[in-house]
Structures are given as C-alpha cells and as structure tokens.
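Take a look at the structure below.
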Amino acid sequence: MREEREDMLSWPLIGEKEKRSRFVKEEVEKQLLLSGPLIAVSLLQFCLQIISVMFVGHLGSLPLSAASIATSFASVTGFTFLMGTASAMDTVCGQSYGAKMYGMLGIQMQRAMLVLTLLSVPLSIVWANTEHFLVFFGQDKSIAHLSGSYARFMIPSIFAYGLLQCLNRFLQAQNNVIPVVICSGVTTSLHVIICWVLVLKSGLGFRGAAVANAISYWLNVILLSCYVKFSPSCSLTWTGFSKEARRDIIPFMKLVIPSAFMVCSLEMWSFELLVLSSGLLPNPVLETSCPRTVWMIPFGLSGAASTRVSNELGSGNPKGAKLAVRVVLSFSIVESILVGTVLILIRKIWGFAYSSDPEVVSHVASMLPILALGHSLDSFQTVLSGVARGCGWQKIGAFVNLGSYYLVGVPFGLLLGFHFHVGGRGLWLGIICALIVQGVCLSLITFFTNWDEEVKKATSRAKSSSEVKEFAVDNGSILV
C-alpha cells in the first residue's frame, strides 16, 4: 500500500488518468445497466398499442384507421400528459435516493399516484367525447364515430397507466429496473393472447383491442405492486401507506405542472398533433403508418440520464453528475448514428412490414431518410431533457419546448404540409426544425450549468423532504 502511494506521488499524471478512466468505466457500466432495461421496458409497453392496432388491422381498413386515430387522440389527451406528470418523480425520487433518504420514495410515489388518479378523471371525460372532438377538428364522421367508440372502451386504461408510470419511476430511481422489464415482458406476451380472444373470438370486434389494453395495463400494475410490497429490495423505500402523501400537494404540483408540459407533453403533443393533422391529408393511412418504435431507444437513455444525474446530485457529487451527462451524450451520439444508418439502409424494404401495396412501400421509402435525420436530432435532445429532469429544470424545459414546437415546429410543419402541399414530409420537416431549436437551447443550458449550485439545490430539496418524513413518523401517520 505504501509503495502504491509512493508511485502515485511519483507519477501524479498517470495516477490521475487511471483514476478518471476507472470513473468513466464505472459510469458507462451503470448507464448500460440502466438504459438497456429501460429501452426494453419502453419498447414492450409501446408494443401494447401496436399489437392492438395490428389485430384491428385484420378487421378492415376502416377499423384500422379508427383505432389508429383513437390511439393518437388518447396519447395526446391522456397518456402523454400522465407520463409528463409522473416525470416529476425523476427529480424528487432520484435525488432523495442519492441522498440516502430512502423512506421518502414511498411517500413521493403515493403522492404522485394520488395526483395522477385525480387528473385521470377529467381526462377520461375528454376520452368519452372523442367523437365530438374529432368531428370538430375535421375528421371524417365515419372514422370519428368508430374512434369515439374505441376511446370510450379505453377509459379504464388511463387510470392504470398513471399508476404504472409511478411504479416504474419509483423503481427506476433506485436503479432497480429488471423487475419492470420482467413484468412488462409478461404483460406484453399475455396481451397477444388477450387481443386474439377479445378482437377475433369474443364478438367485440375492434373494441376488444381497447378492452385488451385496459386489462394488460392493470395486470402490469398488479404485478409491479406485488413486487414492491413483498420484495426485500424495496423494504427501505416502501414502508407502507402514509397519510403524509396527502400533505404538500401544492408544492409538489409546482414541479408536476411544468413536468407535464415539458418533453413528455409539449413535444409529444406537437408530434401527435401533426399525426392527427395528417388525417386531413389525401391519404391519412399512409401518413399515420410511419414507424415510431425507434424513438423508444433515446427515451430509455433519457431515463438513465435523469436517474444518474439526480442520484449524483442528491449524493452531493457535482463531478459525478457532470460525468454522467458526458457519458449519456456519448451514448446518444453513437445510438443516433447507428439507428439512422439502419433506417436508411432498410428504407426500400421496411414498407413491406405495413403493406404489399407498392404505393405504401414507395411512400415509406421516401419518408425514412427524413425520419433518420429526425431521430438523430431527437436522440440528442431527449437525453438532454432527461438531464433537465434529473436537475429539476422542468420550468426551463417547458419554456424551451413551448417555443421550439409551437412557435417553430408545428407552424412550419403545417405550412409545408398543407399550404405548400409537401404532405407528410412537410409535417416531419416541421418537427426537425423544432428539434434543432430545442437541442441548441438545452445544450447551451447544460454547458453553462454550475453543478456545485445544482448540488446545493438538490440538498435543499431532499432536506425539506426529510423533514416531512420525520414529521410523519413522529405523528404516527405511517400505515401498514
């Protein structure tokens, strides 16, 4: 040991270099262990909707169009909003876990569940009136009627989806994501059987796919809830139901509201708005058939970024947080190059996954290069958005996204798509312009960040949470 210290003193540069290399290697391993499962979870949960629509496709083109439009409408008005709301947990749970205030995670999850359940009530009313909204925005009445019916049968899904998002982020903050992968895998596998029974055998027709979504989401919630309740790995973070979850709702909402209007809502809303607008183009089926699955890869990286940054800030390690940002951005660049290259290489054959119609195949082939560019830009900004959530910059992120998408992206996309008759390409070019503006703004914010100050903010946030926890224990408000 003494000789090793003498060597370090004699060769300070070499020792420092080896130390940095070890830290980088450890950070890479941590993020791979996080991002890999998170990508799998995103893909598996996204596949629920895809599988449902695929089964509906066997019933004809009209039910397929209706289910696709209803799914997009549900995403705009429900799923994305709840996903954005739940992302507030990335900040509070991640930083509390990093600060070793484990008991606060359970209270924060319960508080988030309460808020998301209450928000689901008005959102379900919106879903019940889907047909009227679609007709108002100019959709074909026959498609709007079927879409409205599909959306009404999806209403039970929204309550389960909110709870599922809370459970996912509760475990993600603890770097415990393998159970989420397993439960999602089991649910998605069973979803195929459930869809087959309800869509093709029960007589429910295309409405059976919506019912299948609800069953599968609730099944996933039950599986994860059982894990949290009975697993020893959650014994410190889940200490039972607490009355304290009902306290400090207003301060929590100050983080929830900008979270809901950040990446998971403003960005997704703009994207889904353009998808719904594509239904007003001459061939809506073609415009809504473009692949979105690859977006789940940077979304998984974003989850890893928010978790690692929030954990390091909570533990009082500014250098660790900065290193986490550098590593995840490197992952993002590599991923965007690989996926973009693959999309371009398969552009002439990917269309056959949707149809044997030469028009469809040709259309998809012309769209994929644009999608490849969009994905590369989206990967970069999605990861930066994860960094923002880990730091608690939701308000800043909301304003950046508002300007990027609604002052630049959506107007430019609609202008190209409809006024200049560029079609679906114009809509996607609008999204690309928004991604460029968003990426530049978030990059500048991250580059000029004072990480020591961010640690102080995280410490203050975790300390206030700890005081709430101590109050809860002293007043006997922790319930079994």
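The first residue you see is number 1, and the count goes up from there.
Placed from the backbone N, Cα and C atoms, the Cβ positions cover glycine too.
Annotation comment: Swiss-Prot describes 36-56 (among others) as transmembrane segment.
Residues or ranges marked as transmembrane segment by Swiss-Prot on the basis of sequence analysis: 69-89 (among others).
The transmembrane segment annotation in Swiss-Prot covers 118-138 (among others).
The transmembrane segment annotation in Swiss-Prot covers 143-163 (among others) and rests on sequence analysis. Packing against the transmembrane segment (143-163) from elsewhere in the chain are residues 62-63, 65-67, 69-71, 73-74, 78-79, 82, 85-86, 113, 116-117, 119-120, 123-124, 127-132, 134-135, 206-207, 209-211, 213-214, 217-218, 220-221, 279: each is 6 or more residues past its ends and has a CB under 8 Å from a CB in it.
Within its own chain, the transmembrane segment (180-200) has Cβ neighbours under 8 Å at 37, 40-41, 44-45, 47-48, 51-52, 55-56, 58-59, 167-168, 171-172, 206, 208-209, 211-212, 215-217, 219-220, 223-224, 227, counting only residues six or more beyond its boundaries. Sequence annotations record features per position, and here Swiss-Prot assigns transmembrane segment to 180-200 (among others).
Residues or ranges marked as transmembrane segment in Swiss-Prot: 208-228 (among others).
Here Swiss-Prot flags 255-275 (among others) as transmembrane segment.
Marked as transmembrane segment by Swiss-Prot on the basis of sequence analysis: 294-314 (among others).
The annotation transmembrane segment is assigned in Swiss-Prot to 326-346 (among others).
Residues or ranges marked as transmembrane segment by Swiss-Prot: 360-380 (among others).
Summarising the annotation, Swiss-Prot assigns transmembrane segment to 396-416 (among others) and lists sequence analysis as the type of evidence.
Marked as transmembrane segment by Swiss-Prot: 428-448 (among others). Proximity of distant same-chain residues to the transmembrane segment (428-448), defined by a Cβ-Cβ separation under 8 Å and at least 6 residues beyond the stretch ends, is recorded for 267, 270-271, 274, 290, 325, 367, 370-371, 373-374, 377-378, 380-381, 384-385, 387-388, 393, 396-397, 400-401, 403-405, 408-417, 422.
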Between the transmembrane segment (360-380) and the transmembrane segment (36-56), are there three or more C-beta pairs closer than 8 Å, counting only pairs 6 or more apart along the chain?
no
Residues of the parent chain within Cβ reach of the transmembrane segment (36-56), under 8 Å, 6 or more residues beyond its termini
63-64, 67-68, 71, 164, 168, 172, 177-178, 180-181, 184-185, 187-188, 191-192, 195-196, 199-200, 206, 209-210, 212-213, 216-217, 220, 292-293, 296-297, 299-301, 303-304
Below 8 angstroms Cβ to Cβ, which residues of this chain, lying six or more residues outside the transmembrane segment (118-138), approach it?
69-70, 73-74, 77-78, 81-82, 85, 144-145, 147-152, 154-155, 158-159, 162, 276, 280
Six or more residues beyond either end and a Cβ under 8 Å away: which residues meet both conditions relative to the transmembrane segment (326-346)?
24, 27-28, 31, 35, 294, 297-298, 301, 304-305, 308, 368-369, 371-373, 375-377, 379-380, 382-384, 386-387
